[in-house]
Amino acid sequence: MVLSRHVPHTARNGTDVPAECAGLDCAAPGSWNQSLREVSGAVVVAGLVQLGLGVSGVGGWIAQRCGPMVLAPSLSIIGLSAYKEAAHFCSASWGVALLLVLLAVLFSQHLGSCRLPLCTWTRAKGISVETSIPALRMFSVLLPLCCAWIVWGILSHLRVHWDLLGPATWQLPAANGSLRSPWLQVPYPGERGWPSLSSRALGVGVAMGITSSMNSMGCYLLCPRALRAPALPWHACNRGLCMEGLGSLLAGALGGVSGTASSVPNACTNSLTQASSRHSVQVSAWACVFLGMSPRLAELLTAIPLAIHGGVLCVTYTVAVGTGISYFQYANIDSGRNIFIVGFTMFMALLVPRWLGAAPGYVATGWICLDLFLLSVLTVPVFLTGLLSFFLENTVSGERTPPPPPHCQAPSFKSLSAPGA
């Protein structure tokens, strides 16, 4: 994040980890606390942008005009743009990461049709009813994650040399020890100071709101395709953006450093588990609320090794790439117009962020707010792909590809548990 600035202190092991400053210096500009307040201000601005896009109906209007030539490169670049982060996380321990990937592929693909009986009872004389569910497919991400985490713990306890498994290993540092964190702490607005709305927060916040909204729109269009369900209506997309905006506003008011947006890994997990039930989303939401009010339990998330995070990214983001490629069947890919749109948008979406990342000084308008906005949006491949493909699809002359036909209704969570489903 451009706005954040770390104040390091030396930990017991000699490494520098960020720590919060204390005292009157925290109120000074450039201090750690001021930087956090500035990031929270950017989150508030992002929430206002998301809320504005949802209330005005812009999100639904864009979703209605996204044909295969917009969805195919956009969804594909969502998965391809995450390969650096996935490789960086997996480098902590390639052995553990590959174990998670192999187990996820085994459970979701090879053993996806394996059904485990839950119970058997007799409905009438001589007639028994057996209930079974595809448990391995439904937990094809959770079970490999737990298994890889257990293996990591065993190898760490046995003091295995990590050079045998990967070139390097490190975990997310915990700022506070588990003995210092309380079991229950209800956050309230203004606990760590109110968000600071500076010019830098304004520029980055607008960019965060636009890019997160585009990422959420991609998830809204990816989920129905992955679950073979009808496409979402435009008003549902607008409602989703509105709720994400309200969540970002609440997160910024509580001092959070990240807003609310749809998660690409979660959307891709639906394709692996095929659990098309809202109950899973509701349960995960309540779990997040519970963990947010219990700092000591939330620290369990920081104990997850980075190699496991990398393995999950390798499994989930591949679904986004495959889903984007599947949209090419609805387009005339032999057309020179369509070939140019796909190739140009995807190539430029990977080229421009690489160029600006190496030479950010080229973006210098003299207004720090505008400079941060341009750097933030032009270094996000998803934004560039969506913008260029939407512009070229609706402006370049030629035969436009109609939207893909709606898919058949996916089986519900209950139907997955029925015998013979």
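Cβ coordinates come from backbone N, Cα and C, glycine included.
Predicted automatically and left uncurated, TrEMBL annotations should be read as such.
Pulled from TrEMBL:
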REGION    400-421  region 'Disordered'
TRANSMEM  42-63  transmembrane segment
TRANSMEM  86-107  transmembrane segment
TRANSMEM  135-155  transmembrane segment
TRANSMEM  300-327  transmembrane segment
TRANSMEM  339-356  transmembrane segment
TRANSMEM  368-392  transmembrane segment
Selected stretch (most C-beta pairs under 8 A with the transmembrane segment (86-107)) from 42-63, 135-155, 300-327, 339-356, 368-392: 300-327
Non-local residues, at least 6 beyond the ends, that sit with Cβ under 8 Å of the transmembrane segment (368-392): 2, 62, 65-66, 69-70, 73-74, 77-78, 80-81, 199-200, 202-204, 206-208, 210-211, 214-215, 218, 340-342, 344-346, 348-350, 352-353, 356-357, 360
Interface check, the transmembrane segment (300-327) with the transmembrane segment (339-356), three or more C-beta pairs under 8 A: no
Sequence-remote partners of the transmembrane segment (339-356) [C-beta within less than 8 Å, at least six residues beyond its ends]: 69, 72-73, 76-77, 80-81, 333, 362-363, 375, 378-382, 384-385, 388-389, 392-393, 396
